[in-house]
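In TrEMBL this protein carries:
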type	residues	note
DOMAIN	7-417	domain 'Enolpyruvate transferase'
BINDING	22, 23	phosphoenolpyruvate binding site
BINDING	93, 122, 123, 124, 125, 126, 311, 333	UDP-N-acetyl-alpha-D-glucosamine binding site
ACT_SITE	117	active site, proton donor
MOD_RES	117	2-(S-cysteinyl)pyruvic acid O-phosphothioketal
Ligand SMILES: CC(=O)N[C@H]1[C@@H](OP(=O)(O)OP(=O)(O)OC[C@H]2O[C@@H](n3ccc(=O)[nH]c3=O)[C@H](O)[C@@H]2O)O[C@H](CO)[C@@H](O)[C@@H]1O
Ligand SMILES: C=C(OP(=O)(O)O)C(=O)O
């Protein structure tokens, strides 16, 4: 099993090319199932999750070819099996995004319930509730959601749907399903993440009629069919945010090409308050930092977009560990997203967790930023990234085990870090 070997203490300098967003590419690959015409998706990141999604849709009889330039051509004209089996769904929750498009286009779908995930229980009741409101019959049997249209129906029916909480993939599933429904669907309490806006823009290119994406009320007028399109996946704000935290902690000067400053306001504001210099520049974001000794730990609460993203909580916590002062980090989205804490403690961090709050006592920028390298284990995707950031500033050598979690969602992270001066290798 691959591991990362990191020798800390080097500042980072140069330029990083930010990849397409995992959390946009995955729903957009599913959106291609809505049409029998070819879809060309550009800027698709090289990730394990994307490989899993391609396997999943090929398993349905879809042709999906990746070109050298990173684009993927999807042709779902011969889709024969509207099913997502457990074997493929268990490693990636986003497989649930096949449900809405399959049901909308074929009137039936059988999709495994996603497995329980390390960061929380993550039910999909809101996806089911929304599709039921559009007329679908859905039963959950033997671990599968078996969905079909009522006898005599050829399309879902538009509905007004208010989800109990703001859900990102829930909004995406219902949005995709509604594009082919009969009549109007209104999604209230919709998620506003930039990945949803990007998905809606792709669907509009396919002929969908959507208004209000990027707000909490999305209106969709269903159409009878969608056509093919070309679309480029939006830049990954979480990958960009991860590099911002890494450079702030190690010190240095790095330009993140393609990073979207307008998608990262909550994170960049906290980084500036911490003492890093973060500037939007033409075509990306520049971050300059004098390193941990000049940083002040910052408290924050994770919330839905445009608030501080839960997907950046672990990485910012690593930065807090080496800064000066004490800060409280509150996780409001997932009930079990502090698993990086025990591993950060192995590196010498001072953190106390009480329920959903982690109080971090910064080590104040001492030599090696106060952390010392050790063997640690990645427990989930962003936890892995936080361990990498901590290892980049720690004194001595850190080995991060179980980096298959990292490979799920970061495009060649160690190569990008090596390119800006980090001492990091895959072993
Ligand atoms: C592939 C993808 O885009 N993943 C992102 C997506 O996950 P995902 O879409 O799974 O997360 P949600 O926004 O749905 O989850 C938000 C909260 O709602 C709860 N919930 C959600 C749906 C439901 O039917 N019932 C229910 O109870 C969840 O358990 C969680 O507590 O948004 C999360 C929150 O920004 C991010 O961390 C993930 O990176
Ligand atoms: C939690 C994440 O992803 P997923 O929803 O795919 O598990 C993430 O991207 O941090």
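Cβ coordinates come from backbone N, Cα and C, glycine included.
In TrEMBL, annotation is done automatically, which means it is predicted and not curated.
Residue 333 (UDP-N-acetyl-alpha-D-glucosamine binding site) falls within neither a helix nor a strand when secondary structure is assigned with DSSP, and so counts as coil. Put simply, residue 23 (phosphoenolpyruvate binding site) is 11 Å from residue 311 (UDP-N-acetyl-alpha-D-glucosamine binding site) when counted between their Cα atoms. Mean pLDDT for the domain 'Enolpyruvate transferase' (7-417) in the predicted structure: 96.
Long-range neighbours of residue 23 (phosphoenolpyruvate binding site) (same chain, six or more residues apart, CB within less than 8 Å of its CB): 94, 168, 193, 195, 236, 238, 311. Cβ neighbours within 10 Å of residue 22 (phosphoenolpyruvate binding site), excluding its own Cβ and spanning all shown chains: 26.
Using a 10 Å radius centred on the Cβ of residue 125 (UDP-N-acetyl-alpha-D-glucosamine binding site) and all shown protein chains, the other Cβ atoms total 12. Residue 22 (phosphoenolpyruvate binding site) is 18 Å away from residue 122 (UDP-N-acetyl-alpha-D-glucosamine binding site) when you measure Cα to Cα.
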